[in-house]
Every structure is written in structure tokens, then in C-alpha cells.
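Below is one structure, written out as C-alpha cells; comments come after it.
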Amino acid sequence: MDLNQMTTKTQEAIMSAQSLAVSHHHQEVDTVHLLLALLEEQDGLAVRIFQKMNVDIEALKQGAESLIKKKPSVTGSGAEVGKLYVTSALQQLLVRAGKEAEKLQDDYISVEHVLLAFSEEKGDINQLFTRLHITKDNLLQSLMTVRGNQRVTSQNPEATYEALEKYGRDLVAEVRAGKIDPVIGRDSEIRRVIRILSRKTKNNPVLIGEPGVGKTAIVEGLAQRIVKKDVPEGLKDRTIFALDMSALVAGAKFRGEFEERLQAVLNEIKKSEGRILLFIDELHTIVGAGKTEGAMDAGNMLKPMLARGELHCIGATTLDEYRKYIEKDPALERRFQQVLAEEPTVEDTISILRGLKERFEIYHGVNIHDRAIVAASVLSDRYISDRFLPDKAIDLVDEACATIRTEIDSMPTELDEVTRRIMQLEIEEAALGKETDRGSQERLKTLQRELSDLKEVASGMRAKWEKEKEDIHKVRDLREHLERLRRELEEAEGNYDLNKAAELRHGKIPAIEKELKEAEEMGAHNKQENRLLREEVSEEEIADIVSRWTGIPVAKLVEGEREKLLRLEQILSERVIGQEEAVSLVSDAVLRARAGIKDPNRPIGSFIFLGPTGVGKTELAKTLAQSLFDSEEQMIRIDMSEYMEKHAVSRLIGAPPGYVGYEEGGQLTEAVRRKPYSVVLLDEIEKAHPEVFNILLQMLDDGRITDSQGRTVDFKNTVIIMTSNIGSAHLLDGLEEDGSIKEESRDLVMGQLRGHFRPEFLNRVDEIILFKPLTTNEIKGIVDKIVKELQGRLADRHITVELTDAAKEFVVEAGFDPMYGARPLKRYVQRQVETKLARELIAGTITDNSHVVVDVENNELVVHVK
């Protein structure tokens with residue numbers, strides 16, 4: 001036989017038959033080897049044809065294997081290694097297969113021709129086929145359903161058989177099987193799609209919208225309407241096939257193979273005479289799909305059929321990809337009619353989630369409160385700005401349910417703690433058992449008593465946990481059963497099987513509903529007691545997930561955080577000394593935000609800190625970050641002195657398209673996208689170019705900036721602090737006796753500020769805060785703070801440092817300069833105190849656990865070790 005006259009799959013089967021013969025030590029390849037080789041290919045055509053005939057594949061395989069085992073095997077020195085003979089029976093089989101191919105007017109011998117030849121085989125194989133009721137007529141019937149009217153004209157025809165089933169999925173069948181979630185709302189879009197599909201020509205809608213707004217769901221909604229027969233007469237018996245472009249392209253190694261597969265799909269649709277609607281999700285993938293040198297891409301192959309109305313196609317793609325790929329090909333674009341899928345409102349999202357609630361409850365085995373659904377819609381809309389409803393709200397509910405589900409399946413915390421304590425005591429018991437002294441024996445008795453008590457508690461808790469788990473699983477199983485019965489009822493009513501429908505509606509379903517109600521009431525009754533497991537998803541869980549995703553504290557305040565916020569002003573005052581007004585205004589803004597009464601469309605607070613250098617402007621920003629986030633690293637600090645040139649603006653929001661660094665994004669926008677809840681410090685703003693402030697206008701007023709890539713960056717959860725030295729000379733000169741700023745000095749500073757910044761910029765800032773120069777009393781407090789920081793650095797060596805009052809006075813006099821603020825003081829302490837301590841430490845005079853006193857002698861600081 002000429003192998004070139006066979007298809008690739010037939011050649012592969014003959015090679016596999018040879019391998020089987022070698023592995024069984026047979027000297028010749030027979031028909032039974034070929035039969036088993038065909039059956040062992042899982043997704044092969046032979047298996048598909050036998051499945052269509054309802055043949056038991058495993059029984060057929062076992063029969064073939066037992067026939068192979070009967071064949072004589074040759075091993076040992078007499079065996080001719082590497083020599084295989086083809087039996088005359090196999091040669092005759094292949095000749096018969098060739099004749100079958102001629103009868104069917106095929107150019108190549110394919111797997112189906114070999115199967116038809118097998119049906120005429122005599123002997124053992126004939127007996128096996130007769131036992132399993134395999135006849136030539138049955139084979140031909142099944143072959144026609146798989147192959148249709150296609151002829152074998154290439155060496156890989158199997159790829160074109162049942163093309164739709166292989167490269168797509170039937171959405172209508174999936175709806176009938178209950179695999180698709182219900183689609184709530186979207187009626188206007190579904191009606192528009194139905195209107196376009198009912199046209200004579202150009203009846204191809206394309207759904208365009210942002211990712212996550214529910215484009216695919218609209219098509220699933222149409223499939224559900226087709227199942228319910230809630231569509232016009234022309235669409236009643238239609239089915240929707242979702243085409244899988246990746247499956248179509250995958251494995252197409254040779255030129256023309258991809259086109260052949262796609263053509264087979266299109267031919268099947270054409271033969272259906274409008275019964276099949278083709279749904280292509282991610283429609284832009286057809287542009288350029290399968291395009292190689294001289295080949296035609298999928299888009300161009302679809303155009304003629306789309307224009308003639310032979311192909312009913314529904315597309316779905318995002319706005320950006322539609323513009324980028326489809327609009328570039330006007331001939332393809334004009335064949336589609338756009339249907340814009342808008343993002344649903346928060347109210348619509350709540351309705352969608354209420355419709356999906358039952359499916360989530362059945363899948364996860366939890367109860368979802370209605371408050372959780374409302375919270376998911378509202379919080380996702382407010383805090384997750386880079387994604388779209390309803391997708392982000394559905395994800396929130398799903399993750400919250402999954403959190404509760406994993407808690408149900410894992411050991412409760414209370415039981416886990418008791419179990420660990422038991423393990424710890426058992427280890428201690430084993431160690432004490434080896435000791436003989438009286439004290440150890442007494443301790444052992446006490447320990448054994450505690451251990452037996454704990455084991456009793458643990459066994460009680462474990463039994464309670466198992467019972468609660470069992471109850472939850474029972475409710476979940478009943479819900480699943482009820483869901484199945486409701487699906488069966490829909491199917492029975494659709495098929496007018498009235499007996500079955502009546503039995504379900506009036507018999508089985510009410511019985512299960514009653515049982516479910518009793519189980520839920522029992523669970524509600526048990527809830528009054530102290531339960532180990534939670535099975536409710538409430539708004540707290542949703543808020544917790546939002547906080548985890550974004551880092552923004554949305555969850556209800558726990559007691560510790562409540563106290564911390566009420567003490568925020570005091571905490572800030574401990575580190576920022578002498579600036580009561582600034583501390584008070586900043587802490588008030590944070591309190592308003594966490595209480596939830598701030599304007600949701602503006603930042604938490606925006607402040608300009610004015611004052612001389614070294615009075616605590618930057619320190620307050622750092623302290624605020626430390627207090628709110630337990631880390632100064634959470635502060636986004638931008639030194640505005642780096643933005644002196646006009647073109648430096650692009651570094652804040654990203655370089656424009658075509659410039660180097662376009663892909664990298666801006667320093668400010670990227671930092672806030674990563675950490676939406678943070679303190680943004682714009683240091684030394686008067687040094688920046690005036691153009692920079694135009695960028696900040698939207699940030700201060702609407703709490704958002706659009707970066708160079710067109711993404712909206714949300715600043716609504718940031719505290720924006722800008723520092724400046726403008727007018728510091730007036731502040732230094734204009735102090736009252738009590739340390740407050742004179743009114744005329746305040747006016748002079750504000751006048752200078754208005755001269756430097758535009759009114760529209762200053763008008764958008766919440767507060768302009770003047771930092772007053774530090775007085776001598778405040779400087780003493782700063783000395784204490786510096787010494788405290790030094791002690792913190794020496795804490796691991798248990799060395800304490802103390803400055804006498806005289807030493808403090810001396811440091812204040814020698815180190816403080818009103819013009820430069822507290823920074824020279826820090827440098828002085830570093831030079832005069834820290835250096836002396838370092839010398840003594842290296843010399844070994846100061847050892848660990850020492851108490852060091854710094855005093856003044858002969859107008860000089862000295863160190864005494866105690």
C-alpha cells in the first residue's frame with residue numbers, strides 16, 4: 001500500500017500498530033494491532049464514531065487486547081530483532097479500505113474507510129463486532145452524522161469533521177444544562193441585538209464596551225431567552241455557538257490548515273441555513289488570525305458571508321480594541337452594527353447581584369446578607385476606580401464568599417489554639433516523665449490534670465464543629481438538589497411533559513423546599529448559641545476585601561483604631577512640637593474621612609504648610625504617615641525642586657506618546673495607583689515651575705488626575721501636603737511675646753503667597769497653615785525628643801542616656817538658631833553628645849546595661865557613666 005494515499009491519522013495508526021507488535025514481541029503486524037491502535041487515540045475519529053453508536057469502548061478495547069494476547073510471541077536468541085512482517089489479512093484490509101474510499105469518492109484513505117473495512121472482516125474481529133452490535137450500516141449512519149457531506153480531499157480531514165463542536169461551544173445547550181448564571185437586566189441591549197439579528201442583510205451585531213460591563217453576559221441572556229422561547233418567531237429554533245479562536249489556530253502547523261478548519265466551521269453554519277448564530281468573543285482576534293505569507297486572515301474569510309447574510313455573527317470586543325483593529329478595516333466594520341454596552345449604575349448592579357445571590361449561595365454553601373450586596377456595589381464603585389461594574393462588585397462578593405467557605409472547611413481558631421496547647425503540654429509531660437525529683441512529679445500531676453481537662457474541652461469543641469459543618473453541608477446539598485429539580489421542571493415544561501412537570505411542581509419540589517426550610521430554621525436556632533463557624537457574608541466581609549485589594553481602610557473601626565484616631569492630635573503633638581494649629585487641622589481632616597462624612601469627590605485634605613526651615617513642616621507629614629499606616633514609607637514624597645523646568649511636568653504624569661519613557665508612567669500617578677491611601681508630600685513647592693500647578697488643579701478639586709496613558713488616577717483617599725518657605729522672613733520678624741504670629745506678619749506672608757501662586761490654585765487648597773518659629777521652651781522639648789531617639793538606637797544594648805537640666809540649657813543656647821529652626825540643634829547634639837558617647841563606647845568605658853549622664857563642666861559637655 002502507498003502510504004502517500006493515506007491520511008496523516010491513518011499513517012499514525014499504522015505506526016502505532018507496529019509499536020504495539022514490537023512491545024508484545026510479535027513477528028508480524030496484524031489487523032487486531034491496527035484496531036487497538038485506532039481505539040487508543042483518545043480524541044480520534046474511530047472513538048468518536050463508536051461513541052455515536054453507543055458502543056462500550058472499554059469492552060471493545062479489552063476484546064482487542066485479549067485477541068492480541070492470543071498471538072504467538074517470539075523472544076530469546078531466535079527472535080529477529082527489528083524485522084516485522086505485515087500479514088496478508090492486514091494488507092487485504094487496507095485494500096478494502098481503499099475501495100471504500102473510492103465508493104465515497106474520497107482522494108485519501110482515512111480512518112473511517114479502515115473502520116468500514118473492519119466491519120467486513122472475518123474471524124475473531126467479526127465475532128467481537130457482532131457481540132457489540134457493530135455493523136457496516138450502523139457505521140455508515142454514524143459516519144454521516146460526524147462527517148456530513150464532506151469529502152476527504154486532504155491528508156488531515158479529521159480537523160474539519162464536527163468543526164463546530166470541536167472549535168466552539170453551544171451556549172443554548174449550556175443554558176439548558178444550567179451551566180450559565182442568570183442574566184439580570186440588560187433588556188434594551190438584548191432587544192437591540194434581536195432587532196439587528198432580524199434584519200435581512202448586515203444582521204451582525206457587535207457589542208462594544210469597557211472590560212467587565214457584561215458584553216458576553218448579553219449574549220448569554222439572548223441564549224436564555226431562546227431557551228425560554230421569549231424571542232421573535234425568526235429566532236425561536238436558533239442556537240448560539242461561541243467560537244474558540246485559540247482552538248482554531250492551535251496546532252495548525254501547515255499552510256492552509258487554519259483556513260481549512262475555519263472554512264469547515266463556516267460551511268457547517270452555511271448548511272444550517274441560518275439556524276446557527278456564531279458568537280465571536282474578543283472579535284478583534286479575527287483580524288490577522290492565521291495570517292502568514294500569502295495566506296488570508298480570518299477577517300477576510302468572513303467578509304463575503306457576512307455581506308451576503310449567510311452568516312449570522314455576534315461579536316464582542318472592548319472600545320479600545322474595536323478602535324485599534326476593527327475600525328482600521330472599514331470593509332469589515334461596515335458589516336457589523338454597533339451595540340454599545342454601557343457600564344450599569346450602582347442600582348442596576350445591586351439588582352444583578354441579587355439575581356446571582358442564590359447561585360453563589362449554592363456554590364459556596366454560605367448565606368449572603370442583602371446588606372453585603374449593597375455594600376459590594378457601593379464600595380466597589382467608590383474605591384476600585386480602575387475596573388468596571390458589575391464585574392468588580394461580583395468579584396468582591398465571590399471572594400467574600402470564598403473567604404467564609406475556607407473558614408468553614410478549616411479548623412476554627414478556638415479549637416486550633418486548644419489543640420496546639422494540648423500538643424505543647426504532651427511534649428512537656430513526656431519530658432517530665434523522665435525526671436524523678438519531687439518538684440517534677442508534682443508539676444507532672446498538675447499538668448496531667450490540665451491536659452485531661454483540655455482534651456475534654458477539645459473533644460467537645462471538635463464534636464460541635466463537626467455537627468455545625470454537617471448542618472452547613474446538609475443545607476448546601478439541599479439547595480443544590482432544589483436547583484437541579486427546578487432545572488428539570490423548566491425542561492419538562494419546555495418539552496410539554498406534563499406528567500413529569502406536575503410531579504416535580506406539586507410533589508418533589510415542595511418536599512425539598514420544606515426540608516430546606518426546616519434545616520435553615522434549625523441553623524438559625526443554633527445560631528443563638530455560641531457557634532464556632534460563620535456562614536454569613538455581611539458588609540464587614542465585603543469591606544475587608546475592599547481594604548485588602550486597595551489598602552484603603554473601609555472596614556468598621558475596631559476599638560484600638562478608634563482610640564488611636566481620637567488620640568491622633570496628641571500622637572502628632574508628641575513628635576511635632578510647638579505647631580498646635582497645624583496638628584489640629586490635619587488630624588481633624590483625617591477624622592472626617594474615617595467617620596465617612598468627607599466629600600467623596602475630593603482628597604481627605606489638602607494643605608499648604610508655610611514657615612521657616614526646620615520648624616516641623618516635613619516632620620508633620622512623616623508623623624502623619626507613621627500614625628496612619630505604621631510606616632513612614634507609606635508617604636509619597638516628591639521634591640518639587642526637581643521640577644524647575646517646564647517640561648519636567650511630564651515626569652509627574654508620564655511622558656506623552658512618542659517620547660522616551662511613555663510606557664513607564666508618571667512618578668506621582670504611578671505611586672498613587674499602587675498606594676491609593678497615602679500621604680502625598682510635595683516638598684518646597686515654590687521651587688517648581690508655575691506650569692506644574694496646572695496639573696495639580698484637578699487633583700485638589702476633583703481628587704483625580706488623568707495620566708499620559710489616559711488612565712484616571714484616584715486621589716480621593718490621599719492627604720496632600722505642600723510645604724513652602726515663602727514669607728518665612730516675615731514670620732521670623734513678626735512674633736508676639738507669647739510666641740504667636742502677629743496679624744500684620746500673617747497678612748504680609750499671605751500677600752507674598754498670592755503673588756507667587758495663581759488664585760485658582762490657592763482657592764482649591766483646604767487650609768493654608770502658618771508654622772511659627774520655635775521658642776526656647778519648645779526647643780527644650782525637641783532636645784528631649786532627640787535624646788529619646790538616641791536612647792531608642794541604644795535600646796538593644798540596654799544603655800540609657802540622660803541630660804541634666806544644665807546640659808539641656810547649654811545645648812539649647814549653643815545649638816539653636818531661630819533662622820534655621822531645629823535642624824542645627826540636631827547637628828549640635830550629633831557633634832557634641834553622640835560623638836563623645838561613640839568614643840566612650842569604642843574605648844570600652846561604656847558597657848552594656850550602663851546609665852549615662854551628660855552634664856556641663858567648665859562650659860563644656862561631659863559624659864559620666866553610672
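A Cβ is built for glycine as well, from the same backbone N, Cα and C atoms used for every other residue.
Fair warning: this is a prediction, and the values are worked out from it, not measured in the lab.
What Swiss-Prot lists as ATP 1 binding site is Gly209, Glu210, Pro211, Gly212, Val213, Gly214, Lys215, Thr216. If you look up Swiss-Prot, you'll see Gly611, Pro612, Thr613, Gly614, Val615, Gly616, Lys617, Thr618 marked as ATP 2 binding site, on the strength of similarity to another entry. Residues or ranges marked as domain 'Clp R' in Swiss-Prot (evidence: sequence analysis): 3-149. For 86-149, the entry in Swiss-Prot reads region 'Repeat 2', with the evidence type sequence analysis. Annotation comment: Swiss-Prot describes 344-551 as region 'Linker', evidence class similarity to another entry.
With DSSP states grouped into helix (H, G, I), strand (E, B) and coil, the region 'Repeat 2' (86-149) comes out at 45 helix, 2 strand, 17 coil. Of all the binding-site residues listed (Gly209, Pro211, Gly611, Pro612), Pro211 has the fewest other CB atoms within 10 A of its CB.
Of all Cβ atoms in the protein chains displayed, 23 besides its own lie within 10 Å of the Cβ of Gly614 (ATP 2 binding site). What surrounds the ATP 2 site, by Cβ distance within 8 Å of the Cβ centroid and not counting Gly611, Pro612, Thr613, Gly614, Val615, Gly616, Lys617, Thr618, is the set Phe609, Glu619, Thr723, Asn725, Phe771, Gly821, Ala822 from the same chain.
What surrounds the ATP 1 site, by Cβ distance within 8 Å of the Cβ centroid and not counting Gly209, Glu210, Pro211, Gly212, Val213, Gly214, Lys215, Thr216, is the set Ala217, Thr318, Ala341, Glu343, Phe388, Asp391 from the same chain. On its own chain, Thr618 (ATP 2 binding site) has Leu681, Asp683, Thr723 as residues at least 6 apart in sequence with a Cβ closer than 8 Å to its own Cβ. Of the recorded residues, Gly614 (ATP 2 binding site) and Glu210 (ATP 1 binding site) place their C-alpha atoms 50 Å from one another. For Lys215 (ATP 1 binding site), the count of additional Cβ atoms within 10 Å of its Cβ stands at 25 [all protein chains shown].
Checking each of the binding-site residues Gly611, Pro612, Thr613, Gly616 against Gly212 (ATP 1 binding site) by C-alpha distance, the shortest gap belongs to Gly616. When Cα-Cα distances from Lys617 (ATP 2 binding site) are compared across the binding-site residues Pro211, Lys215, Thr216, the shortest belongs to Pro211.
Residues within less than 8 Å, Cβ to Cβ, of Thr613 (ATP 2 binding site) and separated from it by at least 6 positions along the same chain comprise Asn725, Ser728, Tyr820, Gly821, Arg823.
Ranking the binding-site residues Gly209, Pro211, Gly214, Lys215 by Cα distance from Gly616 (ATP 2 binding site) puts Pro211 first. Comparing Val615 (ATP 2 binding site) with Gly214 (ATP 1 binding site), their Cα atoms are 55 Å apart once rounded. Cβ neighbour count for Gly212 (ATP 1 binding site) (all protein chains, 10 Å cutoff from its Cβ): 17. The region 'Linker' (344-551) scores a mean pLDDT of 78 in the predicted structure. A simple way to gauge crowding: the CB of Gly214 (ATP 1 binding site) has 30 other CB atoms within 10 angstroms, across all the protein chains here. Counting only the Cα atoms, the space from Val213 (ATP 1 binding site) to Pro612 (ATP 2 binding site) is about 52 angstrom.
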